[in-house]
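Undergrad: Shown below is the structure under consideration.
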Amino acid sequence: MAMASLARRKAYLLTRNISNSPTDALRISLSLTRRFSSPGSDENDVVIIGGGPGGYVAAIKAAQLGLKTTCIEKRGALGGTCLNVGCIPSKALLHSSHMYHEAKHVFANHGVKVSSVEVDLPAMLAQKDTAVKNLTRGIEGLFKKNKVNYVKGYGKFLSPSEVSVDTIDGGNTVVKGKHIIVATGSDVKSLPGITIDEKKIVSSTGALSLTEIPKKLIVIGAGYIGLEMGSVWGRLGSEVTVVEFASDIVPSMDGEIRKQFQRSLEKQKMKFMLKTKVVGVDSSGDGVKLIVEPAEGGDQTTLEADVVLVSAGRTPFTSGLDLEKIGVETDKGGRILVNERFSTNVSGVYAIGDVIPGPMLAHKAEEDGFACVEFIAGKHGHVDYDKVPGVVYTYPEVASVGKTEEQLKKEGVSYNVGKFPFMANSRAKAIDTAEGMVKILADKETDKILGVHIMSPNAGELIHEAVLAINYDASSEDIARVCHAHPTMSEAIKEAAMATYDKPIHM
């Protein structure tokens, strides 16, 4: 099986090769010369509306491919929601709050005695803000290095080749481009009857900047963001209750892993009210009163909290772009419809990231941006949304790629399952972080890996061995026959792979 998999990889790589013949090189060179603007032209080859993970990556890649490029960003700070009020600041607080929790509850187990541990919330928030500022400035530096023109302002379409920008300094300018990419990301999904004031009723943005640790925090929504932010404030001392309309937390997660994950969060004193609907909210007093009832109907209950976090998902952000003015088609959810080359129905207009169908993840948006400009430059871009990893950055983390067991059953696919608990992993036991497991799903006939699910500390780092394996159609035996350093957490992946096609050694 291992040799067969190697042959498949070689064949795959051969199909990816692009001809280097002089004829092809001349053809591509002439094509680009005819197609793109000269350096002195006022018209850009590529204009990107939005400077988030998808937009800024697209801008840098386009410039690296020799295209005259302008990126328009309304915040006046690059990095989008992810860097400014999402992925990066939340991970900073997750790490800081975890350090506090470890110092207070775990250090003594390792012989480290601390007389007193206190939270300095302003200092914690300042560290988060410093990380964001440094990374934002870093992207601006990359723009300068790659000669990307950066316009700070709110852009909207005048035509398929013109964008009017109301600049943040109060002016207006028109940016012209042969190819315009919409990369405006997403916004918080609101709930009927609930007004977010970012003080007592907050979105994920407000939850990153609370000036006091709430005694009671209610999180509406048991998805990635809600559980992560609930974990932050729970570690710092909040009593956290998660209200979820569905019957499970993180519905997209593999069922077996999900159940273990919920038990782990419950051990951390996070409470869950599943199959529960929010029907009313009252924030007129000092705190917030949330009225809930069973999702299928029934008696109402009133929950009280100091702060309510609304984390019911995200929605594409296309407001004010005037897409309808140029005839760009969207679906019922407001997502821009594109083909496999990220082209909309309007010639010269493209879209990537959260504004199009697919996972609403920063790294997916980056891959979209990379592939989109490759297509524009006459190259070959590719993103397979079935092979995009997902990570919940709680403690332990949960990371996955590929199919869940429930999906395979629904699709009628015959499969083998291999599991390995971190309780049997020597590194995990040595450092006293042995909660969780690795689960591998492989095709029963061919042994091709179909899905990998990991619950453990640093699962978000461990998952990439599986991502690489799935992208190159590896078998579980391929992973099992790769030498893994000892002692490491990654040995659990090797053991789970052995359990998938044969038997593990250490269990």
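For all residues, glycine too, the Cβ spot is worked out from N, Cα and C.
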Undergrad: Identify the disulfide partner of Cys82 as annotated in TrEMBL; candidates are Cys71, Cys87.
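TA: Candidates were Cys71, Cys87; TrEMBL matches Cys82 with Cys87.
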Undergrad: For the domain 'Pyridine nucleotide-disulphide oxidoreductase dimerisation' (388-497), DSSP counts of helix, strand and coil?
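TA: Going through the domain 'Pyridine nucleotide-disulphide oxidoreductase dimerisation' (388-497) residue by residue, I get 40 helix, 33 strand, 37 coil.
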Undergrad: When the Cα-Cα distance from Thr184 (FAD binding site) is computed for each of the recorded positions Cys82, Cys87, Ile225, Leu227, Glu244, which gives the smallest value?
TA: Cys82
Undergrad: Please work out which residue of Ile225, Leu227 has the most C-beta neighbours within 10 angstroms of its C-beta, and give that one of the binding-site residues.
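TA: Neighbour-count leader: Leu227.
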Undergrad: Max Cα distance spanning Lys91, Gly155, Thr184, Gly185, Ser186, Asp354, Met360, Leu361, Ala362, His363 (FAD binders), Å?
TA: 30
Undergrad: What is the nearest of the recorded positions Cys87, Ser186, Ile225 to His486 (active site, proton acceptor), using the Cα of each?
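TA: It is Cys87, whose Cα lies nearest.
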Undergrad: Enumerate same-chain residues with a sequence separation of six or more from Met360 (FAD binding site) and a Cβ-Cβ distance below 8 A; give 'none' if the list is empty.
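TA: Set apart from Met360 (FAD binding site) by at least 6 residues yet with Cβ under 8 Å, we have Ser186, Arg314, Asp354.
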Undergrad: Based on Cα distances to Cys82 (disulfide bond), point out the closest of the binding-site residues Gly221, Ile225, Leu227.
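TA: That would be Ile225, nearest by Cα distance.
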